[in-house]
Amino acid sequence: MYTLKEGIDFYIEPMQNKKVTVFDTTLRDGEQTPGVSLTSSQKLEISRQLDKLGVDIIEAGFPISSEGDKESVKSISNAGLETTVCGLARVLKKDIDACFESDVGLVHTFVPTSDVQRIYTIKKSQEEVIQLAVEAVQYIKDHGLKCMFSAMDATRTDPAYLIEVFKAVQEAGCDIINVPDTVGVMVPSAMYRQIKDIAAEITIPIDVHCHNDFGLAVANSLMAVEAGASQVQVTINGIGERAGNADLAQTVMSLASIYGIKTNIRTEYLVETSKMIENYTGIRLPPNTPVVGQNAFSHESGIHSQGVLEKSDTFEPGIMTPEMVGHRRRIVLGKHTGKHAVKQSLESAGVKTSENQLDEIVLRIKEIANKGKQITDADLYAVASAVLGKASSEEELIKLKEVSVMTGNILTPTAVVKADIEGKEIIAAKTGVGPVDAALKAVRDILGESNHFRLQEFRIDAITGGADALADVYIGLENEKGRIVTARSANPDIVMASVEALINAMNLLYKKEKS
């Protein structure tokens, strides 16, 4: 057994003397995710965020693919980043020239080496492939740039031939070789053996690029590092072709927290970076996504919640904390919730209860949850207010007075909202793509300088059937400090339900910030 933190032992031997370089391909392979298309300005902003995160190499794109991609790579290359900017190129001079014209510091050139890809895509013999690879490497080195060579589909390539290819490019002056699991067919034990075999024959650094077709990309990357690889290719949120690539956050935190391996990643920016990619790609992470997902440090079970509140190491990894990755710990209320979790949630909003009152609140919360209802912060405070005999409006920032909307097939949807903000009546009118959008924009306008939040989730459900169904609107809000609240409202009028839910959530944020 090995110890990385006092009181917590592992079967994995630490590799604390090793350092791994992080190669991020979010802007190249990540953008090949079906349905994803990033603008040049978004790519530049993402590259600055990756630089802030501490990524060693950014693969900024495939310059030959379009004039726009070439200009985007060039703008990133000249953005004054600390990281090395890389461009992708086939083993063709025109591709490599496009990388030169993009001012990159590293050219990543590749050619298929497996029989299935070599025969059916480029129609070249094994000897011709080696010649193309060597000429490409020499051409790059003759121009004074660093070169990484990829044997595409390496994990389905004849092992002896693969070693022959790598030896040839090494002799030609290649700086680093990449072993890509292009179609994600490796298992960790096989990846370990393959990298071990390559490392025994090759003296230059080894990089791995693992795809996630069977959900093994991160595990394969870790096994490659155990076997001798010193660089991993990853993407933010694991985006990429088909099922994606090895996820940066999961790979880096496993290396750092479990193996004790050093990287240059500033892990406190992991969640921040993940959210940027979510917003720009439109691909939302499942709540249970490791490291950066909403539920990564969330607890509902009474036993788990009580243990975490006493000592977080009891039901969390211990060697990875929410603070390390820029996250927050959450205690979620539901039918499994215990007294400790309810008490902590109430106290975070400044609500004090007696033991008897707390017992009654817990009982009511469980009754609601057992009916299949998701418990929001608003539900908890409404129940607590009823039990404590307090008016729920005592600490409201906003009190809704009136909502009116106009919409139709030829009218621009318009909403007028009247509300009291700390006793001052304010009216706002806004247009939108629909009446709900217009009404929510009007509420934001009323808030003015208090409007420092992100609408994290917006969901509408019909509680009853028929045309007169009750609309149940669920809203999740996150403020600039990363604090998340949830609220809901039910109303036969979908616009009213939406506005009420947003105002309920804003009042909860205000209440929590005051406490």
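One-based numbering along the chain as shown.
Cβ atoms here come from the backbone N, Cα and C positions, even for glycine.
What Swiss-Prot says about this protein:
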{"type": "DOMAIN", "residues": "20-271", "note": "domain 'Pyruvate carboxyltransferase'"}
{"type": "BINDING", "residues": "Asp29, His209, His211, Asn245", "note": "divalent metal cation binding site"}
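Set side by side, the binding-site residues His209, His211 differ in how many other CB atoms lie within 10 angstroms of their CB, and the most is found at His209. Ranked by Cβ neighbours within 10 A across all protein chains shown, the binding-site residues Asp29, Asn245 are led by Asn245. What surrounds the divalent metal cation site, by Cβ distance within 8 Å of the Cβ centroid and not counting Asp29, His209, His211, Asn245, is the set Thr25, Pro180, Asp181, Thr182, Cys210, Asn212, Ala217, Gln233, Thr235, Gly240, Glu241, Gly244, Ala246 from the same chain. Mean pLDDT across the domain 'Pyruvate carboxyltransferase' (20-271) comes to 98 in this model.
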